[in-house]
Amino acid sequence: GDWGTCSWPGQECEHDSDCCGSFCCVGRRCLHIYFPCNLSRS
């Protein structure tokens, strides 16, 4: 996501792109996951 306005883990999000770097948006919160975001939801 955009480093200027991105959300860090624990902050609210709507999409993975709302989260900083490669953090994933899960349950409307950014999380640090050790594999691609899409795999975490399959």
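In case you wondered, yes, glycine gets a Cβ from its N, Cα and C as well.
Annotated features in Swiss-Prot:
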DISULFID  C6-C20  disulfide bond
DISULFID  C13-C25  disulfide bond
DISULFID  C19-C30  disulfide bond
DISULFID  C24-C37  disulfide bond
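Annotated features taken from Swiss-Prot, shown on the structure.
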{"residue": "C6", "record": "disulfide bond", "CB count, 10 Å": "16"}
{"residue": "C13", "record": "disulfide bond", "CB count, 10 Å": "23"}
{"residue": "C19", "record": "disulfide bond", "CB count, 10 Å": "25"}
{"residue": "C20", "record": "disulfide bond", "CB count, 10 Å": "18"}
{"residue": "C24", "record": "disulfide bond", "CB count, 10 Å": "21"}
{"residue": "C25", "record": "disulfide bond", "CB count, 10 Å": "21"}
{"residue": "C30", "record": "disulfide bond", "CB count, 10 Å": "24"}
{"residue": "C37", "record": "disulfide bond", "CB count, 10 Å": "17"}
Residue among disulfide-bonded residues C13, C19, C20, C25 with Cα closest to the Cα of C37 (disulfide bond):
C25
In DSSP terms, helix, strand or coil for C13 (disulfide bond)?
coil
Restricting to the disulfide-bonded residues C6, C13, C30, which ones have a CA within 10 Å of the CA of C24 (disulfide bond)?
C13, C30
When DSSP is mapped onto helix/strand/coil, what comes out for C37 (disulfide bond)?
helix
At the Cα level, what's the spacing in Å between C6 (disulfide bond) and C25 (disulfide bond), rounded?
11
